[in-house]
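The domain 'DUF2231' feature in TrEMBL is assigned to 16-131. If you look up TrEMBL, you'll see 18-37, 49-71, 83-102, 109-128 marked as transmembrane segment. Among the features that TrEMBL reports, domain 'Cytochrome C Planctomycete-type' is placed at 182-241.
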Amino acid sequence: MGQFFEELGEFIGRAHPLLVHLPIGMLVVAFFMAVLAKREKYKEIHVAIPVVLFFGSMAAILASIAGYLLSLRGGYEQQTLDFHQWLGIAVAVISVSVYWMYRKKWSYRFLVFSLLFLLIGATGHFGGTLTHGEGYFKEAIPTVIKDMLGLKSEEFQMAKIENVQEAALYQEIIAPILMQRCASCHGERKKEGGLAIHSQEFLLKGGDGGVVLKPGKMPESELYARLVLPVGHEKRMPPKGRTPITAEQIKLIGWWITEGASFTKKVNQTNQSPEIKTLLAQLEEGGNEAEQLEYADLPEGNDLPEEFVRNLQAKGIKVLPVAVNSPYVAINAINYPEFSDKDLEDLLQIKDNIVQLKLARTAVSDAAMASVVKMPYLRKLHLEHTKLSDEGLHVLKGSKSLRYINLFGTAISDQGLTHLGQLQGLKQIYAYQTKVTAKGVEGLKALDVELYVDSGKYQLPFLNSDTVKY
């Protein structure tokens with residue numbers, strides 16, 4: 001008999017989403033009837049208000065009971081649940097009170113009814129948060145309106161990874177995807193279906209239907225299987241109305257599961273297909289959406305010679321595509337400080353593919369700039385803490401594609417800055433800890449070129465108060 005009442009309670013509880021719309025509709029209609037009844041033209045409808053209020057208040061009581069029974073099954077963030085539950089009870093109690101006030105024609109009945117109207121909105125808001133996850137309504141607000149209201153997106157932001165092969169596979173790659181796409185419904189605040197993915201413990205525990213992650217068994221893992229169901233399938237995740245997960249993110253999750261779903265491994269401790277290597281590269285510097293758009297104007301390039309790329313990678317030189325299946329790459333020699341002028345000359349074999357060159361703290365000198373100017377699509381050049389001098393910049397002024405250069409910690413001076421001023425496409429110069437002076441920067445600005453120069457030599461305006469003695 002006890003099981004019967006338990007099952008009956010769950011049945012009634014699950015009727016809450018159906019029942020809750022009855023009091024909302026009735027009480028809102030009654031409120032607008034009360035508003036209209038204040039006008040002479042519609043004053044006769046005031047006699048119907050108590051009737052609508054009666055049925056609305058009874059429906060509110062039933063919805064509150066069903067809501068309480070539904071809450072007993074768990075899976076909801078407690079604080080939000082408490083707000084929704086007590087506001088719902090308040091709506092039921094006050095709706096009965098308003099019904100009584102309208103029957104007895106109390107003076108302040110409309111004021112109390114207005115309070116009830118606001119409570120209905122607040123209760124519905126927290127109910128929606130419980131059902132759809134936090135931010136469900138806010139994320140659908142048009143961007144223009146968000147900007148006008150100063151609203152910022154609260155979506156989990158994935159951090160940029162400096163060296164993807166050294167990254168912690170789960171913490172830096174997989175967890176951010178899950179938090180960004182799944183945590184609003186399966187997180188610390190809300191555990192839809194009993195499943196939470198915000199921590200290793202909860203992810204391994206699974207949900208009401210059992211475990212969702214089977215290490216090494218990608219097709220059998222519910223975590224993956226739900227992501228690849230046909231669009232429109234009722235069990236596909238994320239559900240309709242939520243921000244969809246990308247095909248690339250699904251492939252990374254599947255790869256992680258196939259590799260054993262480790263929570264401790266680094267990326268370089270796993271097996272990676274060429275496709276996975278490319279996807280991982282997009283998470284690193286040079287692979288973000290803004291940069292993909294930046295290079296969208298380039299012509300369709302030739303594929304990179306695979307053996308040449310492998311030889312570079314064997315030395316520790318990173319070759320990172322700027323977009324999936326793009327022939328254009330960013331070369332980064334951060335892990336190969338011996339990188340020399342000769343190495344740069346060898347890169348001319350793929351000169352038509354290079355759009356970024358990061359040579360910070362390498363052994364390149366002024367002579368290497370003769371190779372740099374032969375790279376027709378090079379947009380960004382990093383030469384921090386190298387032997388570069390003004391002489392090298394004199395050669396570099398022959399570049400027709402360069403837009404950004406970082407000269408932090410080099411020996412360049414105002415003279416070198418003048419050479420760079422002749423580069424028509426150059427937009428940004430960073431020259432911290434160099435011999436460049438504030439006067440040199442002002443001189444470059446006088447050339448009337450659209451160029452941002454940051455040398456770190458900031459000058460504050462002189463104020464009369466600077467001479468005051470205290």
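Note: Cβ is positioned from N, Cα and C throughout, glycine not excepted.
Automated prediction, rather than curation, is the source of TrEMBL annotations.
What you are looking at is a predicted structure, and each value in this text was computed from that prediction instead of being measured.
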Mind tallying the domain 'DUF2231' (16-131) by DSSP state, helix then strand then coil?
-> 102 helix, 1 strand, 13 coil
Tally of residues which DSSP labels helix, strand or coil - the domain 'Cytochrome C Planctomycete-type' (182-241) = 16 helix, 5 strand, 39 coil
Mean of pLDDT values spanning the domain 'Cytochrome C Planctomycete-type' (182-241) = 79
